[in-house]
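Undergrad: Please find one structure pasted underneath; my questions will follow.
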């Protein structure tokens, strides 16, 4: 746990000025889920979805991560059950707000566009850029007009206090919140970057398109590093398995940052999968190389990593679907032991 945070923080702090956005650190926030073996211990701590029958589903854990936009390092992660009180993405994010520093810009999807969360970020000295929540409507005829589909409005504090917030904390929250709203390509983006002379409308739009990178980072962690389905059978070992995967991810990102620094490239333009392939290809060579020649081999490795570039993939629109068909087996609709007993008794299995 500490190693993941330390490696991520050090890598983020060493980010070059050219890797930042207008000289400021941008941090991505989002949540994801992982499944694990169906054991009584795992089910107790990370219960399966309520829509599944007992013995049929798998335990699910929810993760909320803070990831550096500049270098891709995982800065902090909160882990919790998928269901239950205080297990949502907002609740988990509140556990790791200490990883946000003054001057940061927090980039997230519409789920994080919350009055109270934006206030909490402001108190930390951080700005936010979120897509507007679906329950909130924008009227660009109101507020202070600063450009086409670009205005500053005042949000009022919600009348109802959230269950997680005590009365004293609610009373300390400001009654009004100044927010800038812009609309581009049919999306309304909210931000606390209010000065149009310092941050133009188009720049906010371009920044928000980079939010998708955290989805790609989760794909690297879950698919490339195979953390999507965990293997450990107890909750303690599940947490350790998650942190080991995240540490491996940060170490790979560290090597990518070294290659980017040597060849004057932004780390986000290097291929994560290509880096992993090069590390595996060089592994045996490093084991056979004399100590005095290791620095030379490291140079060859960094050069090979720098040669694996990815293009500018902003604004991609991909269907949330897979091409590969499932195998022609029916889904199990009852516990495996029960289905096995029915087969042994001559009954037809589900």
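Backbone N, Cα and C define each Cβ position, glycine as well.
According to TrEMBL, the compositional bias 'Polar residues' annotation covers 32-51. TrEMBL lists 22-251 with the feature domain 'Transposase IS4-like'. Annotated region 'Disordered' per TrEMBL: 31-51, 313-350, in sequence order.
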Undergrad: Can you work out which residues elsewhere in the same chain, 6+ from the ends of the region 'Disordered' (31-51), have a Cβ less than 8 Å from its Cβ atoms?
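TA: Cβ under 8 Å, 6 or more out: 57-65, 81-84, 89, 92, 111, 218, 222, 227-235, 238, 242.
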Undergrad: By DSSP, how many residues in the region 'Disordered' (31-51) are helix, how many strand, and how many coil?
TA: 6 helix, 5 strand, 10 coil
Undergrad: Mean pLDDT across the domain 'Transposase IS4-like' (22-251), rounded to an integer, is what?
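TA: Across the residues of the domain 'Transposase IS4-like' (22-251) the model's pLDDT averages 95 on the 0 to 100 scale.
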